[in-house]
Every structure is written in C-alpha cells, then in structure tokens.
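Here is the structure we will look at.
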Amino acid sequence: MKIVTVCGMGIGTSVLLKMNAEKALRALGVDADVEAADIGTARGAARTAQLVLTSEDLADEIGDVPAKVVVIQNFTNMDEITKKITDALQ
Amino acid sequence: MEWLVVVLDFLGQQILNVPAYLIGIITAVGLIALRRSAGQVIGGGLKAAIGFLILGAGAGVVVASLDPLGRLILAVTGAQGVIPTNEVITAIASEQYGAQSAYILVLGFIVMLLLARFTPLRYIFLTGHHMVFMSLLLTVVLSVGLGEELGWLVVILGAVLLGVIMVVMPAFAQPWMRKITGDDTIAIGHFGTLGYIAAGAAGQAVGRRSRSTEEINFPQGLRFLRDSTVATALSMVLIYLVFAIWGLIALPTAEALDIFGSENQGAYIMAAFGQALQFGVGVAIILFGVRTVLGELVPAFQGIAEKVVPGAKPALDIPIVFPFGANAVLIGFLASFLGGLVTLVLIAVWLNPAFGLALILPGMVPHFFTGGGAGVFGNATGGRIGAAVGGFVNGVLITILPAVLLLVFGELGFANSTFGDADFGWFGTAIGVSLLGGPVIGVIVCVLIGAALVVGASIFQKRVVDTGWVPGARRDALLAEGSGAETATTTPDRPAGGRTQGKSGARH
C-alpha cells in the first residue's frame, strides 16, 4: 500500500507528516510505503496511492484523484493522525 | 600492515569523500540505531545516496540556464545579477564541499542535541533541508576564510556553529510563535527567523489598531503560487523576458542575439523563454533530489533526537504557521515581493555603485515562504497593516542580506545564485567577516559569537519566553476596548470565519 503526504514544497511539513504517519502505521501494525510530495507532483503521485494526507487548504488543490484524500488539521498530533488513518483504511 | 593502509585510504578517498555515499551511510547508520529492518536500512541508505546524486544532476541544468542570464544582466546593467535559491546554490556548492558539509551536518546535529539537553534551549530543529543548507553555507564560508588545508577545523567549528544556530533561533522566535499558535508546544525551525522577528516587531510598531487579516475575504486566484514548480518557472520567465527585452533595446542587435546564439529577434525571445523554463526544470530535479534525501535522513535524525532529549519542543518548517493566517500569508508574500523590488532598485542606483553589492533578483519561492511567514508574524502583532509592513521588511532583508553574504562567498560568488533566507545572510556574513583577521583570531571570534548566541538566547529564554511575555499585548487591549463583544473572534491568534475555524484543533 502506498500513502502520499503533501505540502507546498514537499520537503518541509510533508516530511514531518510522513514521519508521523509512519509512526502511526507502525503502531497500528500496517505495512505501507509513505512518500512525501509537493503540491505540483501530488496529483501524479496520488494516482498510484491509496491514501493522500494533507492540510485543509491544499486538499482543494489536489482535486479529484482515485486515492482517498484525508485532511489532517495538526501535523504533529499523533492521536488525530492515527485516528484518521484508521478510519480511512476501513 | 600495508593492506590496512590501502583499505583505509580506499575508504577515505573513494567512499567517505564522496558526499552521496557518505549521506547514504549516515542515513543507514541512523536507521540501524532505530532498529529498523534490514530492508528498510538498505533501501533508505540507497535512496538517500541516489537523492544526493539527483541533486547534482539538477544543478547542471540550473547552471546551464543561469549562465546566459548572467551574461545578459552583466551586458545591460554592468552588474552581477543573482537569483537566491537555496536549493540551487546547495546543489552547486555540494560538488566541491559536499563531504565536509555532511560531517558538519552529523556533528552539528549532535551538538544541537547536547545543547538542547544541557541548556534552557530545549528545541529540536527538524527542518531537514535548512539543516542541510546551513551546513553547506558554513562549510563554504569557513573554507573560504580558513583555507582548504584546515579542513578538520572547518568541520569542528562548523558543527559547533550549526548546533548553536539551530537552538538559538527557535528560542528568539518563541514569544511570537506562542502568540500565533496560542500554545507553547511547537517552535519555528526555519532560517528566515530574523525576518519573522523583524516582521513581528514592525507589525507591533505600526499596526496599533489594525484588525486581523483573517476577517478579509481574499480572492483565491493567487493560490496557484503555492505550487513551487509554477511559481519558480513564472518568476524566471518574468526575469528572463525583462532582461531579454532590455537587452534588445540597449545593446547592438548582433551582440544581443549572440548571447543565446539566435538568428533573429523571435528566436532570441523564445530562447530566453526556453531558458527560463529550463531553470524551473532544474529546480524541480533538485527538489526531487532533496525530497528523496530528506524523506530518509530526517526520520533517522528525529528518531534519535526523541530518545536523547524527550519533551523538547520540535522546531518546524515555516508553513506550519500558515493555517493560523491564510490571508496574512498572501498579504505578506505580496508585500515581501514589493519590498524585494524596491530594494533591488535601491541596490541598482546606489548600493551597487557604492559598495559593489550584487543585484538580488526576487525569486517567487523565498518571497512566498518567508514573506508569507512574515505576514503571519506581522498579523499576530499588528493586524492587516502589520502583515503588510512585516512582509515588506522581510522582503528588504532577504534582498540586502544575500547581497552582503555574496561579498564573503569567495569564488562561489560567481555562480549567479546564493542562499536566500535572512539567517543565512546575517549568520554567514558574521562568520565570514570574523575570519578576515586570520585563522587564529577568526576561530576565537567565531567561538565567541557562538558562545554569545547561546548565552544571549538562554537569558532570553529564561527572562522573556519563560516569563510569558506576549508581543503586542497593548494592541490586544486596545482592540478589546474598541470592539467589545467582537473581540473573541478578532484577536489574531484566533482565526475567525468558517473556513479557518477547524484549524483551532491545531492548538491541542
């Protein structure tokens, strides 16, 4: 399974989100590849992914993709990330 | 024992001296320390190494596209034109200084952990790309100042200075961060911090009764600039076309056409357009490389930091504040860009002839990210006027400081690019200037600068941050008085309106 985390440049906050998502996935015992992407390549990366994690304002810009787009309010809140990933995987 | 010498020599020269392999090994070691599986260690290490090689490939494309622009600007203005893009100058400089900067990166990270553990400055700097940029900046400035033969000294001094700057800047910005986010759990870890603090202070000075930017309904038309590929290509097309047309007017036609080797004016303009897009291509390649490296390196670093300094505040990249003032980001960006243009004119007519400062052309990406951040800081203390003035001040800083930095940059100053954000400018210049008096005095002054920063930041942390100083508290009181019941939604740290309401969750 592939998960894409998205921020404006793909090198700052999306890497943070990637790390926290990986931590959440390890805790959940789910095996997945998490990849950080910038908003420019996110749409392409999302084509082969199951899940896209991003902030509220960027979610609109990703638009219609086959992957499920999940809005994360707080990139550092492990409870929120874990819960939203769990919900999305069901 | 001769075989041992051969083996060590091989390791040193052929592996540890090659930045890409070194980065790969460091990542792998980090992942081993975190007890990841063998597959993750091999994959992560290899991916980091490949990412570094991608960086170099992108640098080639960027340099090729900057070369004709440099000649064009020199021909029409007689001054050196520079586009500050951290990714680009890093990719160019890493060819020569990559291995040393990788050692500085790792040792600097350790110095940061020690400082966070044993001083009041309990911050863990997690913005990986800025860590990489700063380690390279320090390598270049120290190598130019101390000379190539003192490589080991460059690494040690660079690591200390990197560790210091990574814990002091988040501390100095923390009162404003607390004001913006409404709590004390995250810090800012971004080397545009001088610009943000200046924006916060300027906002406080001018925006005494100005209301928050978040009460404005802003058009969404400028949002496409968040896409760095679009923003970069667009700004380069503008810059290239301005100078190409200027060249066509100011230079003899044959001389102008010769810059791109074009046959006629039409081909000349389209060649300029094509070169501008090529710059965007190069930056996209470099960013892909940076992403590949950081995606592996930062988790390895963070995992270790969490074990060594539990409970420290993570210092994060600037977009972390954007949700607290989406309109302030746009206002700050536009004001910063304007500040950059005004300062460019100032340099062209006065500072270049007088002091030989390079023309720093405004790049959309640094103005968007640091200008946007400055807008949020300015809004927090001075509302709409604060966001605009704060962004403008940031724009002035990120145009003047890179130009000054170029003066201490040695031969790399001819690469037509430099580091963009404010802290690279002032810190690099301070280190570069202190080395002017020779290696011995230089090292002493550098150590003193580092010590002064740690002591100063520690005092600031104890006296200002820990005592709960709130920047712009008087304005909050004035606004509370003026608008009565409305205040619950007008204080800048509480974004109003349905669109941003959900963001309040970010404070928990």
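Counting begins at 1 with the first residue displayed.
Note: Cβ is positioned from N, Cα and C throughout, glycine not excepted.
Annotation source TrEMBL lists transmembrane segment at B:15-34 (among others).
The transmembrane segment annotation in TrEMBL covers B:46-66 (among others). Non-local neighbours of the transmembrane segment (B:46-66) in the same chain are 19-21, 23-24, 26-28, 83, 85, 87-88, 90-92, 94-95, 98, 275-276, 278-279, 281-297, 415-417; each lies 6+ residues outside the stretch with a CB under 8 Å from one of its CB atoms.
The transmembrane segment feature in TrEMBL is assigned to B:97-116 (among others).
TrEMBL lists B:123-144 (among others) with the feature transmembrane segment. Using a Cβ-Cβ cut-off under 8 Å and counting only residues 6 or more beyond its ends in the same chain, the transmembrane segment (B:123-144) has close neighbours at 86-87, 89-90, 93-94, 97-98, 100-102, 104-105, 108-109, 112-113, 116, 151, 153-154, 157-158, 161-162, 165-167, 170-171, 187, 189-191, 290, 293-294, 297-298, 301-302, 305-306, 309, 312-317, 408-410, 412, 419, 421, 423-424, 427-428, 431-432, 435.
Look at TrEMBL and you will find B:150-172 (among others) tagged as transmembrane segment.
Per TrEMBL, transmembrane segment is recorded for B:230-249 (among others).
For the transmembrane segment (B:269-290), the residues of the chain that approach it from at least six positions outside its boundaries are 51-66, 68-69, 72, 85, 87-88, 90-91, 129, 132, 228-229, 232-233, 236-237, 239-241, 243-245, 248, 260-262, judged by C-beta separation under 8 angstroms. Annotation comment: TrEMBL describes B:269-290 (among others) as transmembrane segment.
Annotation comment: TrEMBL describes B:328-351 (among others) as transmembrane segment.
For the transmembrane segment (B:357-378), the residues of the chain that approach it from at least six positions outside its boundaries are 73, 77, 79-86, 176, 180, 188, 190, 192, 195-200, 202-203, 207, 213, 225-226, 228, 231-232, 234-235, 239, 318-319, 321-322, 324-325, 328-337, 339-341, 343-344, 347-348, 351, 386-391, 393-395, 398-400, 402-404, 406-407, 413, 418, 420-422, judged by C-beta separation under 8 angstroms. According to TrEMBL, the feature transmembrane segment maps to B:357-378 (among others).
The transmembrane segment annotation in TrEMBL covers B:385-410 (among others).
The transmembrane segment annotation in TrEMBL covers B:430-455 (among others). Packing against the transmembrane segment (B:430-455) from elsewhere in the chain are residues 115, 119, 121, 138, 141-142, 144-147, 150, 153, 157, 160-161, 164-165, 167-168, 405, 407-409: each is 6 or more residues past its ends and has a CB under 8 Å from a CB in it.
Sequence annotations record features per position, and here TrEMBL assigns compositional bias 'Low complexity' to B:481-491.
If you look up TrEMBL, you'll see B:481-508 marked as region 'Disordered'.
Ranked by number of Cβ pairs under 8 Å to the transmembrane segment (B:15-34), the listed stretches B:97-116, B:150-172, B:230-249 are led by B:97-116. Long-range Cβ contacts of the transmembrane segment (B:230-249) within its own chain (Cβ-Cβ under 8 Å, at least 6 residues beyond either end) map to 69, 72-73, 75-76, 81, 83, 85, 224, 256, 259, 265, 268-269, 272-273, 275-277, 279-280, 283-284, 361-365, 368. Note on the transmembrane segment (B:150-172): residues 100-101, 103-112, 114-116, 119, 121, 123, 125, 131, 134-135, 138-139, 142-143, 187-189, 191, 193, 197, 313, 315, 423, 427, 431, 439, 443, 446-447, 449-450, 453-454, 456-458, 460-461, 465 of its chain, located 6 or more positions outside it, place their CB under 8 angstroms from a CB of the stretch.
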